[in-house]
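> Found this in Swiss-Prot, in case it helps:
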type	residues	note
DISULFID	39-53	disulfide bond
DISULFID	39-80	disulfide bond
DISULFID	52-65	disulfide bond
DISULFID	83-90	disulfide bond
MOD_RES	94	methionine amide
SIGNAL	1-19	signal peptide
């Protein structure tokens, strides 16, 4: 009985500590670019980091345009991402 209780407590703590992060945890500023278009949201295809939306808190997070494998895994594509410096949480882990 104690073993079952310990396993349940350990599982609950693991879920709390390792919970699945959502893409909305790193907020970004959706602004208009100098060319009149709006910045690209995370997971959208891009050619340079200047096209991607910047995070609100630039000291705790960074943005960029990087190559990732999409779900179909045919070839790598460039997508916008925003990452949290402290948690290494990125909003573009898998392509959509």
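Placement of Cβ uses the backbone N, Cα and C atoms for every residue, glycine included.
A quick note: this is a predicted structure, and the numbers were derived from the prediction, not measured.
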> Rounded to a whole number, how many Å is the Cα of residue 80 (disulfide bond) away from the Cα of residue 65 (disulfide bond)?
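Rounded to the nearest whole number, the Cα-Cα distance is 4 Å.
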> Where residue 39 (disulfide bond) and residue 65 (disulfide bond) are concerned, what is their Cα separation in Å, rounded?
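That comes out at 12 Å between the alpha carbons.
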> Cα of residue 53 (disulfide bond) to Cα of residue 65 (disulfide bond): how many Å, rounded?
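Rounded to a whole number, the Cα-Cα distance is 10 Å.
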> Would you kindly give the Cα-Cα distance separating residue 83 (disulfide bond) and residue 52 (disulfide bond), rounded to the nearest Å?
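For residue 52 (disulfide bond) versus residue 83 (disulfide bond), the Cα atoms are 12 Å apart.
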> Among the disulfide-bonded residues listed here, 39, 52, 53, which has the most company in the form of other Cβ atoms within 10 Å of its Cβ?
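Answer returned by the neighbour count: 52.
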> What's the CA to CA span in angstrom from residue 65 (disulfide bond) over to residue 83 (disulfide bond)?
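About 11 Å separates the two Cα atoms.
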> Neighbour count first, Cβ atoms within 10 Å, every protein chain included; then name which of 65, 80, 83, 90 tops the list of disulfide-bonded residues.
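Ranked by Cβ atoms within 10 Å, first place goes to 80.
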